[in-house]
Amino acid sequence: MHMNICLLPGDGIGPEIVAQGTKVLDAVARRFGHTVSTSSALIGGAAIDATGSPLPDATVEACRTSDAVLLGAVGGPKWDDLPSEKRPEKGLLGIRKALGLFANLRPAALFPELAGACLLRADIAAAGLDLVVVRELTGDVYFGQPAGIETRDGLRTGFNTMIYDEDEVRRIARVAFDTARARKRRVCSVDKANVLATSRLWREVVEEVARDYPDVELSHMYVDNAAMQLVRWPAQFDVIVTGNLFGDILSDEAAVITGSIGMLPSASMGSGGPALFEPIHGSAPDIAGQDKANPIATILSVGMMLRLGFGLAAEADAIDAAVRRVLAEGYRTGDIMENGRTLVGTVSMGNLIAERI
């Protein structure tokens, strides 16, 4: 198979970690007889510095004509004083919209080799943590209109609109059920249906979709309880599906309790065009250019790209196995370093994983 990948290195540590991701991708291609072509485009702060825009038209076109997109990270304090519409993060929101990416899949798994880093009580961690948060990306209170700040009766008043239509709910629910079907066949839909009309529609539509998946178990949970249950007993979850706002919060919570946020990948997918794959961590400008960044989340994002973007499960499994082997051999970047382990830098970690493909 030939794969045409658009690289968006972005800001901070982005270029360093994307370089390691492509190194591992090349190793996979050699082993399995594939070919890869890559092109790089600007996004975020790097794009602002070069063009004045966080998402140049040329970047959108490069992404649209690719088979998949691999992103590093965007943002940094250098651009914090810009107007909100000109900041680096607008580039990420913009490319998601331009590519029609409505579903964000964020796995949160506890690596046995890093069990000591888990923030949960030992008995809870021992029960395991292996779940996926499927978050709707393009609707909800983040994009609903009207929204703004205005003066009412002499008082400044802020307002947003939480809104979903049934088609938006239906398509994200199908992604969740399809994801669960390839895992442990359990979906937990998270909402606030006891208070919000939006959530009542959400629950109704998810139940309608569930009828097409009789082999998948569906449960419902209010978001406040879900936040508690993620800490209390995360082993109960397989796939969590929820809206944009709740998903933003819960996916970060699920990630951080693993204790190794530098290890976790993500995918943003649409309905037919190229998908976008990226690590969940930020641009870490404080360590940029110092060979300190952990590239494993980006490398695992390449694995997600192979699995979800190209249907290459064996190739994705090879990446997962190589990462586990390197960790089992005791190699660590600074963010996951433990006593008695071997400290390595960004490039060395990429080399070690690529050599074990």
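Here the Cβ of each residue, glycine as well, is placed from N, Cα and C on the backbone.
What Swiss-Prot records for this protein:
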{"type": "BINDING", "residues": "76-89, 282-294", "note": "NAD(+) binding site"}
{"type": "BINDING", "residues": "Arg96, Arg106, Arg135, Asp224", "note": "substrate binding site"}
{"type": "BINDING", "residues": "Asp224, Asp248, Asp252", "note": "Mg(2+) binding site"}
{"type": "SITE", "residues": "Tyr142", "note": "site 'Important for catalysis'"}
{"type": "SITE", "residues": "Lys192", "note": "site 'Important for catalysis'"}
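Sequence features annotated in Swiss-Prot and their locations in the structure.
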residue : record                         : DSSP (3 states)
Gly76   : NAD(+) binding site            : coil
Ser84   : NAD(+) binding site            : helix
Arg135  : substrate binding site         : strand
Tyr142  : site 'Important for catalysis' : helix
Asp224  : substrate binding site         : helix
Asp252  : Mg(2+) binding site            : helix
Ala284  : NAD(+) binding site            : coil
Lys292  : NAD(+) binding site            : coil
DSSP, reduced to three states, assigns Arg96 (substrate binding site) to helix
Asp252 (Mg(2+) binding site) sits from Ala284 (NAD(+) binding site) (Cα to Cα, rounded, in Å) at a distance of 17
Span of the recorded substrate site, as the biggest CA-CA distance among Arg96, Arg106, Arg135, Asp224 in Å, is 28
If you measure between the CA atoms of Lys292 (NAD(+) binding site) and Arg106 (substrate binding site) and round to the nearest Å, you get 24
Closest by Cα to Arg135 (substrate binding site), out of the binding-site residues Gly76, Ser84, Pro88, Asp248, Asp252, is Asp248
Asp248 (Mg(2+) binding site) sits from Tyr142 (site 'Important for catalysis') (Cα to Cα, rounded, in Å) at a distance of 10
Asp224 (substrate binding site) sits from Gly76 (NAD(+) binding site) (Cα to Cα, rounded, in Å) at a distance of 31
Listed in sequence order, the binding-site residues within 10 angstroms (C-alpha to C-alpha) of Arg106 (substrate binding site) out of Asp80, Asp252, Ala288 are Asp252
Between the C-alpha atoms of Asp252 (Mg(2+) binding site) and Asp224 (substrate binding site), the distance in angstrom, to the nearest integer, is 15
Nearest by Cα to Asp224 (substrate binding site), of the recorded positions Asp80, Pro88, Lys192, Ala288, is Lys192
Closest by Cα to Lys192 (site 'Important for catalysis'), out of the binding-site residues Asp80, Ser84, Pro88, Arg96, Ala288, is Arg96
Cβ atoms other than its own within 10 Å of the Cβ of Pro88 (NAD(+) binding site), all chains, total 27
Given the recorded positions Arg106, Arg135, Lys192, the candidate whose Cβ has the fewest other Cβ atoms within 10 Å is Lys192
